[in-house]
Amino acid sequence: MSKKRVHELKKQLEEQGIELSNHELVEKLHALGYDVKSHSSSLEDDQASTAFERIVGERKPKPAPVRHAGPGFVVRKHARADVVAPPPPVAAPAPQPQPAPEPIEEAPEASPVAPPAPAAAPVDQPPAAAASAAPAPQPQAAPSGAPAPQPAPAAAPVQATPSASPVAAPPPATPAGVTQRPAQPMAASSQTPSTTPPAPKPPAAPPVDPRTLRPTSTQAVVINRPLVPVRRVTPPSSSRQSYPAAPGPRALGEVREFKVVPGMLGREREIIDVSKRRGRGGGRPASETQQALSGKELLQAAISDRAYVPIRGKKKKPTKKGAKTQVTERAEHKKVIRVEESISVSELSQSMGVKASDLIRKLMQLGTMATINQLIDADTAALLATDFGFTVEKKGFEVEEFIPEVEVDESKLVNRPPVVTVMGHVDHGKTSLLDAIRQADVAAGEAGGITQHIGAYSVQTPKGPITFLDTPGHEAFTAMRERGAKVTDLVVLVVAADDGVMPQTAEAIKHAQAAGVTILVAINKIDKPGATPERVMQQLTEYKLVPEQWGGETIMLPVSARTKQGVPELLEYIALQAEVLDLKSNPETLAAGHVIEAKLEKGRGPVATVLVEEGTLRVGDAIVTGIHYGRVRAMMNERGEQVKEVPPGYPVEVLGLSGVPVAGDEFNIVEDEKAAKEVAAHRAEKARQKELGSVKRATLEDLFAKSKPGGQKELNVVVKADVQGSAEAVSQALQKLAGKKVGVKILTSAVGAITESDVLTAAAGKAVIVGFNTKPETKVEQIASQQGVKILQFSIIYEAVDAIRTEMEDLLEPIIKEKPLGKAEVRQLFSIPKAGTIAGSAVTEGVIKRSAHVRIVRERKVVFQGKIATLRRFKDDVKEVAQGFECGIGIEGFTDLKPGDVVDAYELEQIRQSLE
Ligand SMILES: Nc1nc2c(ncn2[C@@H]2O[C@H](COP(=O)(O)OP(=O)(O)OP(=O)(O)O)[C@@H](O)[C@H]2O)c(=O)[nH]1
């Protein structure tokens with residue numbers, strides 16, 4: 001293998017245009033790891049050729065990276081500052097020439113480098129395209145401060161190359177810091193890197209045809225993805241011309257340049273639109289802007305233009321910048337909100353296009369704390385709406401459309417029987433009196449002899465038919481009495497002559513007077529020895545009821561239900577009064593009236609006792625009452641006979657309703673069942689809204705009070721009764737028991753038999769079931785015992801009230817009270833094996849019991865408190881030792897007894913708490 005001397009290698013390098021002194025070459029070879037000492041040192045042939053290639057490789061420019069060549073790399077060419085790049089080929093209005101930016105002015109010596117490598121804007125721009133550009137500014141060395149016309153796409157600032165030989169010495173630093181490969185020779189052509197020798201000196205460069213200008217690799221901004229030309233599909237006509245055309249055989253329109261970098265956590269990619277900067281900077285070409293920016297600034301600018309693109313899924317549509325939301329005013333006629341009964345805050349906010357939070361704030365200002373789902377009534381909604389320029393129109397479901405008010409047709413009015421309600425205190429003889437009138441004996445058949453639901457009877461008297469309503473006298477049935485007073489023409493107030501005016505007498509007077517109904521007083525039981533009708537009359541004057549015989553207006557008749565004394569006179573007076581009232585109605589209109597009572601019967605379903613007040617009620621009529629509706633399937637009179645028609649003034653039982661109606665509700669007959677259903681549904685919705693609106697939220701204090709161990713206890717009750725009025729009365733009576741110590745909560749109150757569902761409700765709510773005049777269905781009792789639910793059944797209301805009071809008292813902790821027993825004085829102490837210390841004592845007071853609790857008192861101080869362990873007289877265990885006797889007392893857990901100690905014995909007593 002031949003050898004080569006260092007100086008030979010030097011010559012070889014010179015042939016390649018690389019001039020190095022022998023000393024420099026020796027040093028270089030040293031640096032490359034060769035052991036050479038001087039220019040005459042020799043290298044192996046292969047070593048010499050490797051060294052040659054390495055030095056040439058270092059000094060020669062590397063071939064410019066070909067576009068798309070390297071994965072993940074993009075070379076973006078930038079126009080040299082000192083060479084004016086041709087304007088975009090087709091883009092007609094070429095950007096205005098601008099003064100050369102600072103970095104260029106600082107690098108006048110770099111100009112010689114420029115001619116062989118004129119910077120063209122886009123890297124792919126063919127010379128032909130460049131040539132077509134109209135104003136082709138002459139490439140020239142930009143003198144200091146001389147304005148160098150720059151086309152818009154001019155690229156990054158050219159590196160300041162102080163060295164005259166850029167090939168030999170790469171520029172130490174670039175002014176703008178954009179070029180990321182300072183080692184790359186500037187003069188290298190991207191197309192002919194190996195063949196084009198670098199210009200060693202910058203002689204006066206000949207004028208260069210811009211068409212031949214190619215970008216230099218050193219002017220490239222290296223980013224890690226290929227340039228993505230984006231074709232604007234429908235460029236706006238106004239801006240179409242202002243974009244530079246993309247290179248290639250056809251102009252693509254706007255060219256956008258993107259940098260793709262991995263996003264956070266690698267879950268997405270960021271695309272940085274690096275071309276966006278062009279349009280900014282007050283109209284200055286992007287290149288100039290970029291030239292003026294440092295590398296860091298450019299990076300920041302790029303970051304600001306980032307767009308995140310998820311790897312999977314659809315690319316999000318970028319929001320159109322600058323496209324402001326159009327605020328449109330709503331037409332006046334559209335500023336009307338239709339509200340039925342109430343509207344939720346969220347609904348109102350949506351209807352007005354106002355934030356719900358704004359409405360809530362307004363409501364707070366009005367003193368109402370509301371949530372977004374809370375219902376507010378139409379009036380409050382109207383108040384709020386006004387503030388936002390809206391008006392509220394009460395939409396309202398017009399029940400009148402279905403139940404029209406009928407004008408009174410005088411010609412069709414006929415007499416109807418009077419409706420008389422019998423009222424009075426409990427046991428004053430109301431039912432007995434009615435029995436006497438009807439010649440029936442209902443009172444005898446009543447449980448406990450008390451009336452517990454309203455009864456309606458049509459009685460044929462010698463003076464014509466009279467409809468009687470019998471009301472209970474017990475205080476629990478206030479609502480029934482009130483209802484009775486409202487639907488009646490006359491009230492017969494029964495007062496027992498031997499008892500006088502009592503609380504429910506007074507209450508009945510109040511109801512009748514409130515309803516503006518004439519009162520007729522029947523002073524009953526005048527057959528009784530202690531009867532004093534005058535005293536009753538006297539008492540009644542206090543209620544503004546002055547008897548006729550005393551110059552007043554109230555008819556007061558002494559009667560006896562037992563002997564029927566005064567009953568015919570009573571009927572006569574009723575008839576007389578009815579005549580005075582001239583009671584008439586039109587039997588030809590659609591029927592209407594009131595529900596007197598309602599119940600649920602097995603096999604018959606809901607049964608309503610109604611009083612027809614207007615029109616004639618017929619089988620087949622479409623009926624609606626409250627939230628229930630249906631078609632009248634059958635009707636029965638008070639004797640249980642089926643009837644087809646019921647004229648006004650008569651009571652009747654109606655079958656066919658969808659549910660058990662509420663006693664006291666009005667009933668109406670409508671066109672058809674569909675209309676009845678609509679009315680009922682509307683009422684149900686209204687009731688629901690009302691209920692929602694009135695939901696009282698538990699306050700923190702309530703919850704706190706309930707969670708406290710000593711907090712108020714509550715008895716939950718499920719009420720089931722035979723009739724609706726009784727269920728209501730029982731519930732009310734039980735609720736009245738609620739006090740400070742124990743509350744009562746009626747979970748449900750309904751009519752019908754006690755069902756499995758009632759048991760489950762009670763089990764869930766830890767409630768007792770109160771059945772009133774009703775029984776559990778088959779197997780229900782068994783389920784109840786499995787579930788641990790107590791069923792209490794009653795047929796008399798006060799028994800129910802008493803039992804529930806006991807249940808409530810059971811919830812209360814008993815009061816523990818100390819009961820003194822006696823005292824014993826310790827005289828002597830004995831120590832007995834197994835038994836411990838025994839105090840030989842004398843009982844000085846009361847009695848000492850074996851089961852007693854004791855206090856050991858020494859010098860007036862309690863030294864121990866506990867229980868007696870042993871009590872003996874002589875050797876026998878005894879239960880108690882009375883005063884004056886001696887005994888041996890052993891104390892549980894206490895042996896430190898001393899003579900002179902007093903054993904103070906007492907018992908603990910449990911006292912049941914009362915509700916009061
Ligand atoms: N001596 C006598 N007893 C009467 C008379 N009227 C009723 N009684 C008795 O009084 C008691 C109560 O009679 P009711 O008819 O049940 O009394 P009430 O007012 O209907 O009772 P409630 O419906 O429970 O309020 C019964 O034992 C009757 O026999 C009367 O005129 N004379």
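Including glycine, each Cβ sits where the backbone N, Cα and C put it.
Secondary structure from DSSP puts D427 (GTP binding site) in coil. Look at TrEMBL and you will find 424-431, 470-474, 524-527 tagged as GTP binding site.
Summarising the annotation, TrEMBL assigns compositional bias 'Pro residues' to 85-102 (among others).
If you look up TrEMBL, you'll see 120-135 (among others) marked as compositional bias 'Low complexity'.
The compositional bias 'Pro residues' annotation in TrEMBL covers 136-154 (among others).
The compositional bias 'Low complexity' annotation in TrEMBL covers 155-167 (among others).
Annotation source TrEMBL lists compositional bias 'Low complexity' at 185-194 (among others).
Annotated compositional bias 'Pro residues' per TrEMBL: 195-209 (among others), in sequence order.
Feature annotation from TrEMBL assigns compositional bias 'Low complexity' to 225-242 (among others).
Positions annotated as domain 'Tr-type G' by TrEMBL: 415-584.
Residues annotated as region 'Disordered' in TrEMBL: 56-249.
Look at TrEMBL and you will find 418-566 tagged as region 'G-domain'.
Residue counts of the region 'G-domain' (418-566) by helix, strand and coil are 54 helix, 40 strand, 55 coil (DSSP-based). Mean per-residue pLDDT, taken over the domain 'Tr-type G' (415-584), amounts to 84. A Cβ distance below 6 Å to any atom of ligand 1 is met, among the binding-site residues D427, K430, T471, I526, by D427, K430. The Cβ neighbour count for T471 (GTP binding site), using a 10 Å radius over every protein chain in view, is 29. Shown are the binding-site residues K430, H474; the one with the most C-beta atoms within 10 angstroms of its own C-beta is K430. Ranking the binding-site residues G424, D427, I526 by how many other Cβ atoms lie within 10 angstroms of each Cβ puts D427 at the bottom.
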